[in-house]
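Visitor: Okay, here's the structure, questions in a sec.
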Amino acid sequence: MKSLQIICLLFIFVARGSCRSCEICHNVGNDCGYDYVEECHSPEDQCGKVLLEISSAPLSIRSSHRNCFSSSLCKLEHFDVNTGQETYLRGRIHCCDEKKCEGRPFPGLPLSHPNGYVCPGVLGLFSEDSSESEAACKGDETKCINIVGYRKERFPGDIAYNIKGCVSSCPELRLSNRTHEERRNDLIKVECRDAVKITPSE
């Protein structure tokens, strides 16, 4: 339970903005209360809200984050990663021109079936070389995503994370889209490729 909460707080791809002030808050749950307003810095220019969810049946953890965003990150809008073993990492990003943005609610997980494609599956914390399992892609998931990065904290220090799994399309996420805390969050690998089609044995 605690590990899922930590992972939720790690995967926040947000950025500060220019000539704008936005509400800043972070909380486990569907929403976060008002914490403080912070002036954003170049090159980002919009306020935004990120909703994150990690669901590993039967457990589900959600977190909410308001911060300053870059327009390039706002275009990402959402992501859904099937990391295998009935585990999903999902995010919804909503940007606006106001200090306080209201995020869009999560839709329910689709009742989809395996489609014959597979990807390496990892939802790893504290290591960029976490053990892989096979993620059986479902529905329209035909791409494999691989994201590796580091979260730098005073304690316990650098925290590595590694996400691999099935996605329906490759997100417009590049190494240049680093988080607002460049000294604290380092996105070092983003790869996306076609999933492997498994041929049924005769």
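Sequential numbering from 1, following the chain as shown.
Cβ coordinates come from backbone N, Cα and C, glycine included.
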Visitor: According to Swiss-Prot, the disulfide involving C25 connects it to which residue among C19, C22, C32?
Guide: C32
Visitor: Which candidate, C47, C74, C95, does Swiss-Prot give as the disulfide partner of C22?
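Guide: In Swiss-Prot, C22 forms its disulfide bond with C47.
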Visitor: Of the residues C166, C170, which one does Swiss-Prot pair with C137 through a disulfide?
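Guide: In Swiss-Prot, C137 forms its recorded disulfide with C166.
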Visitor: What does Swiss-Prot give as the disulfide partner of C68, choosing from C40, C95, C96, C101?
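Guide: Cross-referencing Swiss-Prot, the cysteine bonded to C68 turns out to be C40.
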Visitor: With reference to Swiss-Prot, specify which of the listed residues C74, C119 is paired with C95 by a disulfide.
Guide: C74
Visitor: When you put C68 (disulfide bond) at the centre and draw a 10 Å sphere around its Cα, which of the disulfide-bonded residues C32, C119, C144, C166, C170 have their Cα inside it?
Guide: none
Visitor: Sort out for me which one of C32, C170 has the most neighbouring CB atoms within 10 A, since those are the disulfide-bonded residues we care about.
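Guide: For the disulfide-bonded residues C32, C170, the Cβ with the most other Cβ atoms within 10 Å is C32.
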Visitor: Can you grab the distance from C166 (disulfide bond) over to C32 (disulfide bond)? Cα atoms, rounded to a whole Å.
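Guide: C166 (disulfide bond) to C32 (disulfide bond), Cα-Cα distance: 29 Å.
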Visitor: If I take the Cα of C95 (disulfide bond) as reference, which of the disulfide-bonded residues C32, C144, C192 has the closest Cα?
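Guide: Going through C32, C144, C192 one by one, the Cα closest to that of C95 (disulfide bond) is C32.
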Visitor: Can you tell me which of the disulfide-bonded residues C32, C40, C101, C192 is spatially closest to C47 (disulfide bond)? Compare CA atoms only.
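Guide: If we rank C32, C40, C101, C192 by Cα distance to C47 (disulfide bond), first place goes to C101.
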